[in-house]
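Before any comments, here is the structure.
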């Protein structure tokens, strides 16, 4: 299968699909026609579709210019799968799913809900894994929350809405996997919006600053300065006035500075120290998202263990090479290989990965192949073929219910119609592309699904 090649003014994009919607192609072309795309090695995954400000399925090398909106508002979003150590016999499945659904609704807040009771810090510490110790993480998380706003601690262990889900997938030999898809909740949104407001279509260099300062202080003319650079510029102006013993003119000079509001344009970027600050905040949000997924699984764990014990179910020995836990993250900057991934996952030899397909078809479990031509990446899912609005127009509840036969779910409703299997691309086409970047170990099918709607 041959990829589609798009040539821009500053970069060439390799798109691993034979079907590329016009809007997605336009978004890719717009980026590679921009100077900030130079030397970024753009590779687009097979699940590509148009997104907010950037196509989903995007990968590139990190350059000095970073667009926060490219990663988007759900920083660190990903999928965590955990293998159950027992099979559930057919005669117990209805009971198992009913009790699981009740447990999730009782212990995992979803939609816009937050935790009503604070999660135990010792529990969080036992589950936490990151590039700093837990106490430092909590300190940084509190500082970040104060900076961007919100209630991040209360949202740990919550699912959210949209395409986020909890499901159970089953292999042909009865092996069960508990799968959680969620991210950094409102924290990621606030971090993205905070830094995108600091973005610009130009670089504010020292030379540019000095030119504006000369116009202001020597010629006494009005100057315009973008909002994101205004504090830095005004501080510099004040310093210059004090050095020249003109501090009495500060108020007068300030009136000549016109601050231009930033409208957060799609291709506006951050540069220099602003990238450093963004990556620091993103790092916290990514660890937060990972901890969030672990807390959700932990909330369900007591039920999982209790069901096995009450029904005296023997332990199941897997026949696959896969570990008990598999996690793939798909909205982030990878600080190990310096790759930006928006709706795509890392794919390295011997590293397990998971690619969910849709509510009906389950997920692909396997290992990466370290294909550098693909930016050592793989698709994060099947990819939408219809937007949420289009999906609701193109389908109906009866079709949705029919397509979900064989999957236990109390969430097949009018308000989740935009997540119906028909809203997503055919998974077989995706699998054909995967041979180049993923070694498929097993494809597991959905047998239970929970997804928050607008209840």
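Glycine residues also receive a Cβ, built from the backbone N, Cα and C atoms like all the rest.
In the three-state DSSP scheme, residue 380 (active site, GMP-histidine intermediate) falls into the coil class. Among the features that TrEMBL reports, active site, GMP-histidine intermediate is placed at 380.
The Mn(2+) binding site annotation in TrEMBL covers 74, 164. Residue environment of residue 74 (Mn(2+) binding site) contains 26 other Cβ atoms, counted within 10 Å of its Cβ in all protein chains.
Non-local contacts of residue 165 (GMP binding site) by the CB criterion (under 8 A, 6+ apart in sequence, same chain) comprise 159, 179, 180, 181, 359, 419, 449, 450, 451. Look at TrEMBL and you will find 163, 164, 165, 166, 167, 356, 357, 358, 359, 380, 381, 382, 383 tagged as GMP binding site.
Proximity of residue 383 (GMP binding site) to non-local residues of its own chain (separation of 6 or more, Cβ distance below 8 Å) is seen for 46, 47, 48, 49, 56, 57, 343, 424, 425, 430, given in sequence order. Reported as a whole number, the C-alpha separation between residue 381 (GMP binding site) and residue 164 (Mn(2+) binding site) equals 12 Å. In this view, the densest Cβ surroundings among the recorded positions 164, 380 belong to 380, judged by other Cβ atoms lying within 10 Å. Across the residues annotated as binding GMP (163, 164, 165, 166, 167, 356, 357, 358, 359, 380, 381, 382, 383), the two Cα atoms farthest apart lie 18 Å from each other. Cβ neighbours of residue 167 (GMP binding site) (same chain, under 8 Å, six or more residues apart in sequence): 178, 179, 359, 362, 446, 448, 449, 450. Its Cβ taken as reference, residue 381 (GMP binding site) is surrounded by 28 other Cβ atoms within 10 Å in the chains shown.
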